[in-house]
Structures are given as C-alpha cells and as structure tokens.
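Participant: These came from TrEMBL, pasted as-is:
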type: DOMAIN; residues: 15-226; note: domain 'Metallo-beta-lactamase'
type: BINDING; residues: H81, H83, H151, D173; note: Zn(2+) 1 binding site
type: BINDING; residues: D85, H86, D173, H411; note: Zn(2+) 2 binding site
type: BINDING; residues: H385, V386, S387, G388, H389; note: substrate binding site
Amino acid sequence: MEVEIATIGGYEAVGRQMTAVRAGDDVVIFDMGLNLSKVLIHDNVETERMHSLDLIDMGAIPDDRVMSELEGDVKAIVPTHGHLDHIGAISKLAHRYDAPIVATPFTIELVKQQIKGEEKFGVQNDLVKMEAGETMQIGERNELEFVNVTHSIIDAINPVLHTPEGAVVYGLDKRMDHTPVIGDPIDMKRFREIAREDEGVLCYIEDCTNAGRKGRTPSESVARRHLKDVMQSIEDYDGGIVATTFSSHIARVKSLVEFAKDMGRQPVLLGRSMEKYSGTAERLNFVDFPDDLGMYGHRKSVDRTFKRIMNEGKENFLPIVTGHQGEPRAMLTRMGRGETPYELSDGDKVLFSARVIPEPTNEGQRYQSEKLLGMQGARIYDDIHVSGHLREEGHYEMLDALQPQHVIPAHQSLKGFAPYVDLAENMGYKVGRDLHVTRNGNMIQLTE
Ligand SMILES: [Zn+2]
C-alpha cells in the first residue's frame, strides 16, 4: 500500500498545524490550526467574518491547496487537543471536506463552540467523540486509534493510523507526565506495544517545541507544588492577590482555586476565555469546582464583581484573570492600566502561573504589563509554570519506545528542528534518508 504524508502547516513555525496522511485510498487529516500571532499583529481583525483565502495569505491558517495532489478520500479530520494552533482553522477549512471531525469529548466541545462563532462559513461536518484507548475503522484496511497523552490542556491524545505498512504516529503535543493533576498519565505502555505489533511504526511525526531544552519536562504536579509554595508564603498578606494563567490550562486553574480556598480567600474566575474553558470543563465533569466559584466573562459582570471585591475587602478574594502574556485587551492588562474598579495598592501580589511565550510581541507586551502593574505598587511572582512540551530526554524516550522507520520533525521553525535533528541523527537516523526535515506544503512518500 502507498503511504504518503502531506506536511501542510506548522513546519515553518509554531502555529497553524495541519498534516494529512494518505494510506491507499484513505486520507486522514491531523489538526487544522490557527497561528494567532499572525492575526493579533493586525489591529481589529475579526477572523469570524474573514474568508479562508485571505487568512491563508496572512499566514494565519494552513494553506491546504496541496490536498488536491493527494489521490484519496478524506475519511476523518482529527484535532489532537483543544489549543487554537490545533483547532483554530476548523471553522475555515473543514467544510471543504466531506468527513467527520473526530476528537475526544473536551476537544469536540471546544470545536463545537468555535463553529458556533463562525460567521462566514456553514460548517456541517459530523462531530464524533472518541475517547483515548478507542479505535475507529478508516476505509477497509486502516484503523485510527487514540493514545492518551499529557499536555497543558485536558483530554489530549496522540492519534495513530494503523496501516498494513505499519503505524503512523502523530506525536503533537505532549509532555511525559506520570503524575498529572487531572486525568490519566501518558500511556507509554501502549506506545511500546504499538512498536512491537505487526509492522511496527512506519513513521513518527514529532512536536519539536522544546527539543533544544536539556533534561525532562517536569510533571504538572511539580508546578502545583511550586504554586502551593508561593501561595503559602503570602498566606498572611492582608491585601490584594491576583493570579493569571492560561485559561485553557484547567489543571492549573484547579490548583489556583484549591489553594485560594486553603488561604481563606474566595477564588473568582474573570475574563471571557476563563469562563469558556473552565465552564466547559466543569460541565463535562473533568473538574469539580466549589459550588460558590464565580465565573464571569462579560465586561459588566466582571466590573460588578471587581466593585464587590473592593467593597467587601480585597483580602477576602483571589481573582484569577486572563492576561498572562500581557495581551492588550486582557483583564490583567486592563487592571494594570487602571481601567477596572479593582485598585492595586503598594505590596499587592500578582502571580504569573505561566511563562512568556518567547516571541518579541509577547515579550514586549508582557514587559509593558508588568511595568504598569509595578507602577501601581504590585509585586510580581513570575514563571510558576512547567511546559506542556517534551524536552530532549522525552524525545529520546519516545524514539526509543517507538523505534520508527521514518521520523518527521514538526511544530517548529527550521532553527527549532536543529536540536531534534541532532538527537535523531545520534540515534542512527539520517537527514535525507529516514529523517525528513521539511517545509509547509510538501509531500513525503514513505512506501510505494
Ligand atoms: Zn498544544
């Protein structure tokens, strides 16, 4: 059987992930993501109303025109998890394919909300829920399997397409977490089994985000302990404490909520995306928040809550807000600019349970936000965080477990691929033979 890979998006930079695998007559698409930084750099762009081709020209969504070169039928569109760089282009591209969108329950719910917000296209694809550990027949000779992985968002999987020529394992995005705060540990046992079954692993496509960082990525339970240490150290402070983190990082939000309660403060989630992700996770029973946890997204209800906090005493609350990257319109940035009823005082604490995404725009905005907060007297606690992506030893362990015949580095720029290429070559792979460094819009023929 012929197996080929179309590397559509995410092979020149992080963002707008999209890869298609053709096995015989069947094609499966993995991810359809958005490169948000290409959108945010323009003022007042509303992607909801934009046409796909304009977004492709901006570099915001994958240029899927290469799909016309694949001779087969698309049988499934499979987003691996709910981050925007993996699902953000579904509302712009999925309607071009007569295929269901297959994902885990939390991811499907986020896809559903995204399609609802779309104003230009009517996306009618079936939404099919599939849990980690489950399989689905693809055409007559192929099978799709979801293997449970751990990442900075819940319900993440690595999809595997089993073909008669061997398994194609799509490895975006994960870290190796054996003690996650929510959900099951990464299923390394299953990855090792897949390597030993039938034809073994034909191809492994890997997320190189942190390939250049030595050692291993710590577990979420390490970030949780770090957070606990910080929060215990300021337990007796009788002024304002504010925290921010990735709104999609439900495990982190859960830790913040629990430690706020331990400190005797009422946690409250503020900001549209805080309400969206945490509300969805709670509705689907991934997390059990206290009954009195308030979640407010709309500007009016947020301002009302801030007024209540000022009236009842800042020392009784812990607002958990958006704005960890210094995004100009996010809550924490507005607080820094003095645009909310919440007044910061000398010595008040601001906890960043996030790392700045190393990109000049983010770094500049975050710098500005921290300066503004500092000018109002706030003390900053930075980097209370662990990454959701594998580092060098995690990459070594994955290659060692899977023993793939071919390896394709993804989810990075050419420069970002370099440390991964070094590692893979040290393990016996060779660029141009079985290690395929590629760009967006290419085809890689694995078997004939
Ligand atoms: Zn991700």
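Using the three backbone atoms N, Cα and C, a Cβ is placed for every residue, glycine included.
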Participant: Rounded to an integer, what is the Cα-Cα distance in Å between S387 (substrate binding site) and H83 (Zn(2+) 1 binding site)?
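Facilitator: Each residue's Cα considered, S387 (substrate binding site) and H83 (Zn(2+) 1 binding site) end up 14 Å apart.
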Participant: Listed binding-site residues are H385, V386, H411; which of them have CA atoms within 10 A of the CA of D173 (Zn(2+) 1 binding site)?
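Facilitator: Cα filter at 10 Å returns H411.
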Participant: Any of the binding-site residues H83, D173, V386, S387 with a C-beta atom under 6 A from ligand 1? Give them in order, or none.
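Facilitator: List returned for ligand 1: H83, D173.
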Participant: Anything within 10 Å of G388 (substrate binding site)? Look among the binding-site residues H81, H83, D85, H86, H411, comparing CA atoms, and list what you find.
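Facilitator: Those near G388 (substrate binding site) - Cα within 10 Å - do not exist; the answer is none.
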Participant: Would you kindly give the Cα-Cα distance separating H385 (substrate binding site) and H411 (Zn(2+) 2 binding site), rounded to the nearest Å?
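Facilitator: H385 (substrate binding site) has its Cα 21 Å from the Cα of H411 (Zn(2+) 2 binding site).
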Participant: Can you give me the Cα-Cα distance between H389 (substrate binding site) and H83 (Zn(2+) 1 binding site) in Å, rounded to a whole number?
Facilitator: 13
Participant: For the C-alpha pair, I'd like the distance in angstrom between H385 (substrate binding site) and D85 (Zn(2+) 2 binding site), rounded off.
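Facilitator: Between the Cα atoms of H385 (substrate binding site) and D85 (Zn(2+) 2 binding site), the distance comes to 20 Å.
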